[in-house]
């Protein structure tokens, strides 16, 4: 079993906020994958279904962002799950709008919802971070996060959410690299490729070393005064 939790704040006042992109993502999965209607459990709205043969519980904690860990912790203990059985989807200020990154574990990066989940569930769960961009000035962060997506954002936002919903099986199976490529292609970015292994260059040699390495032994003279002198010193060759 896997829990996929999207983070956000409950109520219509916050529904269109950038901070609620996690809610939007699990809503998209619920619609696309034909999950059950939303119901209330674990201080959350929950929806159940199967993806690629795996039982999945979608969650939208209704505790407000800063207490998200309470809801997720209740569900984790009820189903006797480990942190590795949890995926959390949430907004990321430090990623450009429309970009996505996924990893297991790490710090909370100042995100209060993640800070709460770390405290209640441990840190070794998978984190799908969805970029909402940074306003550029620290004083504007609060208004940016709790502000609604602009009309200009709707194009990339729809593509991002659709890509997550369409490729939810990759999320469930842990095919993280493939998922990132699918999202990048769907949103007009370039697929991520493995960096080529750098070929180690041979250390530069001094001109003296190079000369020694390439120098060929000189042939001894077989005729003439020098040859006669060598024969007297060492005897004729072949004796």
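Each residue, glycine too, has its Cβ placed from N, Cα and C.
As given in Swiss-Prot:
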ACT_SITE  19  active site, proton acceptor
BINDING   14, 64, 66, 112  tRNA binding site
SITE      9  site 'Discriminates between blocked and unblocked aminoacyl-tRNA'
SITE      91  site 'Stabilizes the basic form of H active site to accept a proton'
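Between the two most distant C-alpha atoms of the annotated tRNA binders (14, 64, 66, 112) there are 16 Å. In this structure the alpha carbons, written CA, of residue 64 (tRNA binding site) and residue 9 (site 'Discriminates between blocked and unblocked aminoacyl-tRNA') are 5 Å apart. Neighbouring residues of the recorded tRNA site, listed in sequence order and excluding 14, 64, 66, 112, comprise 9, 19, 63, 65, 67, 68, 113 (Cβ within 8 Å of the Cβ centroid). DSSP assigns residue 91 (site 'Stabilizes the basic form of H active site to accept a proton') to a strand segment in the three-state reduction. Listed in sequence order, the recorded positions from 19, 66, 112 having a Cα within 10 Å of the Cα of residue 9 (site 'Discriminates between blocked and unblocked aminoacyl-tRNA') are 19, 66. A helical conformation is recorded for residue 112 (tRNA binding site) in the three-state DSSP classification. For residue 66 (tRNA binding site), the same-chain residues that are 6 or more apart in sequence and have a Cβ closer than 8 Å to its Cβ are 112, 113, 115, 116.
Rounded to the nearest whole angstrom, the C-alpha distance between residue 14 (tRNA binding site) and residue 91 (site 'Stabilizes the basic form of H active site to accept a proton') is 14.
The two recorded residues, the residue listed as 'active site, proton acceptor' and residue 91 (site 'Stabilizes the basic form of H active site to accept a proton'), have Cα atoms 6 Å apart. Neighbour counts were taken as the number of other C-beta atoms within 10 angstroms of each residue's C-beta; across the recorded positions 9, 112, the minimum falls on 112. According to DSSP, residue 19 (active site, proton acceptor) is assigned to a helical segment.
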